[in-house]
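Here is what TrEMBL says about this protein:
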ACT_SITE  507  active site, proton donor/acceptor
BINDING   163-169, 245-248, 297-303  FAD binding site
BINDING   444  substrate binding site
DOMAIN    131-313  domain 'FAD-binding PCMH-type'
SITE      348  site 'Important for enzyme activity'
């Protein structure tokens, strides 16, 4: 690791801060803008949509939100260091830290960068003002042994540690508790980013927890392997973060969720190191300690190394899509696919509002022929087949594996879809759907420029409650907006993103124009809270893969029972009696 002195950041970390937005999502060079002609376009060259004009998006945003390009609000262009709370310094800790030669910083920008995740209210605060409490110091361990030293020093001097991975949390997990009077250390794992070994015989790899998802897949692919774990945030989120939040990926049908991938975890706690004595596929030695670590959200310690299952890179990959006459038919099809246990690597169903939204993000066509073809497809679906464009919905598909098996699998899924009135809608639409997964997150920053605030949240739900839950939550959002004085109709939409034998994950988006509202974030949070209550009342879970953090912990007792919460508290009290890991998530 190259270092700019003990006080400086590492070159690699400096690079990350240079290329990422300090108060928005993603890369600095990638964003939605309205050009001089008033047309929407996406900047940069990192995504397929880069440099393309989106001719219908302006009309969609005006029609959907009542927004106008004339009504614009701008965020602060840069961080004012005078707004940043001064650090609470523990000189004795600093003295001991210097002796370890571990890189650290008390720079205002470094501290602010790690003071938040990507909840709406966190980004809104950065655009308008500053957090009341942020980390006092950032440390960059480069290996497991460095983490052990940092935790030992924190215990010795009674400091608070908040682990930081990719910073993509959407559960307020990274926010510093305002009442914390001790020095808060942000333990940034980004320099712990190596694959330590690959075992080709057992198909496992031992990886440091700070590695970012896309880097992990890239490095594994050089040896002919993959994990297949692809959350929407994989460009920025870390392996340790996946473990800490019990993450799920888009291709979990083939590769599994994070709990299915993990073979072994090493974690540093105030009590010492937690790990199993061997790296075997399964053990029957009482409750699985991995399940105390997975989902612990930085409350018990720092995950430093993870041994995960790997698979040979798939020989063949094929996208697809199916259009259904309505959402009900689409859900019934996904249910049947799950029942027959023939789900492709990924199958996701969007409702009509989200279909229209995706259509508004379609780039300018390259030729008259392409435009004519699109028109022909639309004519066939709407006129000949009688599909109503205001009701229909679309499923995107991704198949992976042996070429011959993929083609057999594809036929099986399309045959099932046909029984539910589904029509094949082409590979391009499927591939585009997955590309949009990564760029949609950038839209919130554009919305904020035009008084539109929005967020996503998720749940899992039994199959027999999917339709009721989707309908009731969307209706509740509309009702709450009206009651809270939102002048314009909200955008309230959902998609079914992961399927299981017993149910599915449902992912909601909602947004509204907040012009005329004096405290939009408070109103937004009240509506989101009501939506979460509605989810729970309809038999949905508190979370499917975002985790709990501080945002949802008020419902933990209801979700896992009094005794269950007591068990978690008991583990916390034993492992971390002095609350060194005091981010106040979960409990």
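Here the Cβ of each residue, glycine as well, is placed from N, Cα and C on the backbone.
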Open item on the list: Just to be sure I understand the packing, how many Cβ atoms besides its own are within 10 Å of the Cβ of residue 507 (active site, proton donor/acceptor)?
Closed with: 22
Open item on the list: In whole Å, how far does the CA atom of residue 163 (FAD binding site) lie from that of residue 507 (active site, proton donor/acceptor)?
Closed with: 27
Task: Rounded distance in angstrom between the Cα atoms of residue 166 (FAD binding site) and the residue listed as 'substrate binding site' - done: 19
- [ ] From the recorded positions 348, 444, 507, pick the residue whose C-alpha lies nearest to the C-alpha of residue 301 (FAD binding site).
- [x] 507
Task: Using Cα positions only, nearest of the recorded positions to residue 348 (site 'Important for enzyme activity') (247, 298, 444, 507) - done: 507
Task: residue 247 (FAD binding site) to the residue listed as 'substrate binding site' - Cα separation in whole Å - done: 22
Open item on the list: Using the alpha carbons only, what distance in Å do you get between residue 169 (FAD binding site) and residue 444 (substrate binding site) once rounded?
Closed with: 15
Open item on the list: For a quick check of packing: other C-beta atoms within 10 Å of the C-beta of residue 169 (FAD binding site), how many?
Closed with: 29
Open item on the list: I'm trying to understand the geometry here, so how far is the Cα atom of residue 298 (FAD binding site) from the Cα atom of the residue listed as 'substrate binding site', in Å to the nearest whole number?
Closed with: 27
- [ ] May I ask which residues of the same chain, at least 6 positions away in sequence, place their Cβ under 8 angstroms from the Cβ of residue 444 (substrate binding site)?
- [x] 24, 25, 120, 123, 453, 454, 455
- [ ] Count the Cβ atoms, other than its own, that fall within 10 Å of the Cβ of residue 247 (FAD binding site), considering every protein chain shown.
- [x] 26
- [ ] Please average pLDDT over the domain 'FAD-binding PCMH-type' (131-313) for the predicted structure.
- [x] 98
